[in-house]
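Peer 1: Sending over a structure as structure tokens; questions will come in a sec.
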Amino acid sequence: MYKEPKNESEYEAELKNAPVAVVYLTATWCGPCRAIAPVFTNISNAPENSKITFFKVDVDALKKLPVCESLQGVPTFIAYRNGEEQERFSGANKVALENMVKKLL
């Protein structure tokens with residue numbers, strides 16, 4: 001299951017408290033984002049990934065987040081360990097997302 005922060009402070013607090021996290025930056029108008037959304041949901045719900053906190057962030061709703069201000073495109077996925085960015089990629093790439101999650105386990 002993933003979390004959908006409603007504002008910047010909620011996102012920052014949740015991410016700070018997550019030892020391991022994957023952030024999915026998306027937009028409602030983005031076709032590739034809609035295509036990869038079910039994959040992200042399935043991965044976030046998988047029991048073997050329960051030690052990872054998953055976030056879905058609407059970049060239009062939270063555009064003041066520093067991570068959103070420097071964004072090149074959506075969808076973008078970012079892996080964090082203890083608050084430090086470990087990896088990032090853009091695009092609706094199922095295999096890249098699965099590999100990112102495996103590296104965090």
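Cβ from N, Cα, C; glycine included.
So Swiss-Prot has the following annotated:
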| type | residues | note |
| --- | --- | --- |
| ACT_SITE | C30 | active site, nucleophile |
| ACT_SITE | C33 | active site, nucleophile |
| DISULFID | C30-C33 | disulfide bond |
| DOMAIN | 1-104 | domain 'Thioredoxin' |
| SITE | G31 | site 'Contributes to redox potential value' |
| SITE | P32 | site 'Contributes to redox potential value' |
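Map the listed features onto the structure and describe their local environment.
Peer 2: Look at C30 (active site, nucleophile): DSSP puts it in coil. Less than 8 angstroms from the CB of C30 (active site, nucleophile) sit V74, P75, each of them six or more residues away in the same chain.
Cβ contacts within 10 Å of C33 (active site, nucleophile), excluding its own Cβ and spanning all protein chains shown: 21.
Note: the domain 'Thioredoxin' (1-104) comprises 42 helix, 28 strand, 34 coil (DSSP; helix = H, G, I, strand = E, B).
All protein chains shown were included, and the count of other CB atoms within 10 Å of the CB of P32 (site 'Contributes to redox potential value') stands at 16.
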